[in-house]
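Working notes, beginning with the structure itself.
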DNA sequence: ATGGTTGGCCACCAA
């Protein structure tokens with residue numbers, strides 16, 4: 001079965017491009033980010049007409065995540081545990097029933113974190129976007145720990161807004177001070193991976209130039225000035241079920257594309 | 001290295 005993460009950058013603008021890709025690729029389970037829609041305005045028929053179950057967690061104007069699945073979906077939960085005051089829609093979980101196995105699918109849109117605001121001592125300014133990013137990552141790590149402790153097979157996939165290593169950017173120097181690549185961001189990502197999770201793409205290839213995002217600006221796509229920030233992390237059990245992983249980069253060159261492309265994992269479920 | 005584009009939505013913010 002094919003499991004995919006795709007930051008669609010606005011469902012209202014992405015209808016034609018998304019449906020073309022959906023019909024060509026036919027994912028079994030799809031998590032989306034930046035739907036930029038409230039739940040009531042989401043065009044559910046795009047998915048339901050094609051036989052998908054759909055769970056959305058949207059908000060007005062920004063953010064918003066969703067899960068579409070050909071396999072039965074159950075136990076949908078919305079929001080990342082750990083902060084009841086967090087009003088941003090960035091996290092959704094659901095249980096997917098495969099032919100022989102059950103998988104907890106965690107779809108996430110990790111905060112961008114820019115601009116990086118630091119105080120005189122170099123600490124993130126409380127209430128700033130960078131502090132929010134790091135706090136969110138600590139909550140995500142706690143959630144992964146809880147799922148590991150419960151021995152619930154799970155995958156955490158989505159737009160992490162993290163460039164894990166220099167080979168994951170065409171021009172790493174340009175990103176050194178950015179919230180997507182600065183060392184504390186990469187350390188926080190490693191602390192999650194180091195719980196024992198597998199980066200699905202890196203389990204299948206060490207090649208550089210496996211980007212998932214190219215900015216709309218300055219001809220980034222034409223110059224292949226990209227970064228790898230969309231990731232699929234697997235718990236040890238789910239990693240045993242991984243068969244292949246790749247990035248559907250051609251989507252970026254089609255008409256009216258998102259600035260991200262799908263990353264997929266083939267799993268024995 | 002810098003400047004630049006798109007989405008949501010209606011004055012700009014976010015990326």
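Every residue gets a Cβ built from N, Cα and C, even glycine.
Database features (TrEMBL):
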ACT_SITE  A:109  active site
ACT_SITE  A:159  active site, proton donor/acceptor
ACT_SITE  A:260  active site, proton acceptor
BINDING   A:7, A:34, A:159, A:161, A:259, A:260  Mg(2+) binding site
DOMAIN    A:4-260  domain 'Endonuclease/exonuclease/phosphatase'
SITE      A:161  site 'Transition state stabilizer'
SITE      A:230  site 'Important for catalytic activity'
SITE      A:260  site 'Interaction with DNA substrate'
For the recorded Mg(2+) site formed by A:7, A:34, A:159, A:161, A:259, A:260, name the remaining residues of the chain with Cβ within 8 Å of the site's Cβ center, in chain order.
A:9, A:33, A:109, A:213, A:229, A:230, A:258
Pairwise Cα distance for residue A:161 (Mg(2+) binding site)/the residue listed as 'active site, proton acceptor' [Å, integer]:
11
At 10 angstroms around each C-beta, which of the recorded positions A:34, A:159, A:230, A:259 has the fewest other C-beta atoms nearby?
A:259
Residue A:7 (Mg(2+) binding site) - helix vs strand vs coil (DSSP)
strand
Do me a favour and check the Cα-Cα span between the residue listed as 'active site, proton donor/acceptor' and residue A:259 (Mg(2+) binding site); whole Å is fine.
12
Across all chains shown, how many C-beta atoms besides its own are within 10 angstroms of the C-beta of residue A:7 (Mg(2+) binding site)?
25
With every protein chain in view, what's the tally of Cβ atoms within 10 Å of the Cβ of residue A:161 (Mg(2+) binding site), excluding that atom itself?
28
